[in-house]
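Working notes for the structure below.
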């Protein structure tokens with residue numbers, strides 16, 4: 001028999017809320033134990049009941065939890081933060097990844113537009129001003145990249161200035 005989807009909202013009845021808390025706490029601790037066993041990792045859980053903050057339930061034991069927390073505190077700050085992401089860092093990493101994908105797709109689109117423009121010219125369909133703009137911007141970008149490469153080579157390989165000028169004149 002299928003269960004209905006549980007509506008996530010504050011439970012107003014004290015008795016129902018306490019029973020739900022106990023049941024879900026038990027399930028949570030069971031999942032932490034399973035995670036620890038299946039993945040072979042040390043883990044602990046600390047759960048407090050609202051209204052009883054002085055009596056937390058600690059799994060597996062206070063000693064084990066203290067040891068695990070001490071190990072975490074002994075890590076250098078870089079080690080502690082290495083694999084942890086707050087919401088801001090998680091979203092910024094996602095944004096960076098999406099921006100990289102966007103740049104890649106935009107570059108592919110520009111290259112496809114140039115191919116289409118050149119094919120139109122080859123097929124004799126005539127040249128449109130937008131086609132010339134696309135091809136011209138691509139040519140400018142390539143020339144800029146070549147000039148930057150020449151500048152880099154001049155600085156790193158100490159090419160003779162006359163050779164660098166000769167290379168730029170050939171462009």
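Each Cβ is built from the backbone N, Cα and C atoms, and glycine gets one as well.
In TrEMBL, the coiled coil annotation falls on 88-122 of the listed ranges 53-87, 88-122. For the domain 'MADS-box' (1-47), the predicted model reports an average pLDDT of 88. Through the fold, the coiled coil (88-122) approaches residues 128, 130-132, 134-135, 137-138 of its own chain, all at least 6 residues removed from its boundaries and within a Cβ separation under 8 Å.
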